[in-house]
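Now, the feature entries from TrEMBL:
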- 4-306: domain 'Acyltransferase 3' (DOMAIN)
- 31-52: transmembrane segment (TRANSMEM)
- 64-85: transmembrane segment (TRANSMEM)
- 115-135: transmembrane segment (TRANSMEM)
- 142-157: transmembrane segment (TRANSMEM)
- 163-185: transmembrane segment (TRANSMEM)
- 192-212: transmembrane segment (TRANSMEM)
- 224-243: transmembrane segment (TRANSMEM)
- 255-278: transmembrane segment (TRANSMEM)
- 290-309: transmembrane segment (TRANSMEM)
Amino acid sequence: MLAYHYTGINRDYWGASPMVEFPSLHQLSRYGYLGVELFFIISGFVILMTAYDRTVQSFVASRVARLYPAYWVAILLTFALQQFWHGGREPTSMEALGNLTMVQSAFGLTDVQGAFWTLWVELRFYVLIGIFMLVGMNRQRLLAFAVIWPVLGQVAENNHASFVATVLMSTYAPYFAVGIVLFLLSTDLLNLSCWLGLGFTWVLSVQQATAYAERASALTGAPVRPLVTAVAVTVMVLAVLACSHGPLSRIRWKWLTLAGALTYPLYLVHGQVGFFLIETLQTHLQSYVVLAIATLTSFALAFVIHRFVERPAARPLRRAVDRSLENLTVR
């Protein structure tokens, strides 16, 4: 996503089109919008793994502790930056406060950063899984849900039932559904029903991703080919499958654990910080040098947030949320 935002989208920060500044890199980075789709596929897998055989209370506490500390810091950093840099969104103090909830979209408030829209999608997925946990979660129900959910979302979209389509996340449901089925396969690779479910949700995911190709072409200023998009989605699905079952699942490199931990804070901070550096430095330094500075600064910020915010805050916040929910349950 970082490469896509910095060199894929046709923005003004470089003083010229990224297609001109980075002609070779742009050939690949313009497909970086699929990073969101990969994120949702992985989320479908990981969130099911987190929720399976756990209580709703424990699930909510773990998600709050994982998402909010880094997010709050990113909000504060972004708001502070935008007090003297006017190249990004310029939220009011009330909008910034509303963003701290992470549900600002539900109240019609503007996201402090454009990239934060994905978190609203993610939260709705958590709610659906939480409801599923209350009803009762088992393999058969999960598989049925993964197959039926995207179809219902698309039916709602086609019939202009906007509220239902929003709740069911019609645009992104296929990717989460693929992740759910991949999780089921990770525990039972020989299950034929799961393989059929994977094939079905893969088709829906490819269909959704290729349908967005025209919009992606407009954003990048260059053609985004549906065939390349379809192949990329297929590779992503196969990669998650390979990492969850087989030789790749046994890799235990420490740097991979750190890299995985940094992806979330990096996603939160790279946008406005990077664009500020790019716009400020692009007239003084060579483009690839500016790109390297923006990238390394974003990674450094992500590491600082992970090391000094996420890690110290996660356990106390999880316990506090867990206790609060327990008290509510007792009452």
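We count from 1, first residue shown onward.
For all residues, glycine too, the Cβ spot is worked out from N, Cα and C.
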Contact call for the transmembrane segment (163-185) against the transmembrane segment (64-85), three or more Cβ pairs under 8 Å: no
Cβ-Cβ under 8 Å with the transmembrane segment (224-243): same-chain residues at least 6 beyond its ends: 30-31, 33-34, 37-38, 41-42, 45, 178-179, 182, 185, 198, 202, 205-206, 209-210, 212-214, 216-217, 249
Seg_contact(the transmembrane segment (192-212), the transmembrane segment (31-52)) with at least 3 CB pairs under 8 angstroms, min sep 6: yes
Most Cβ pairs under 8 Å with the transmembrane segment (64-85), selected from 31-52, 115-135, 255-278: 255-278
Whole-number mean of pLDDT values that fall within the domain 'Acyltransferase 3' (4-306): 90
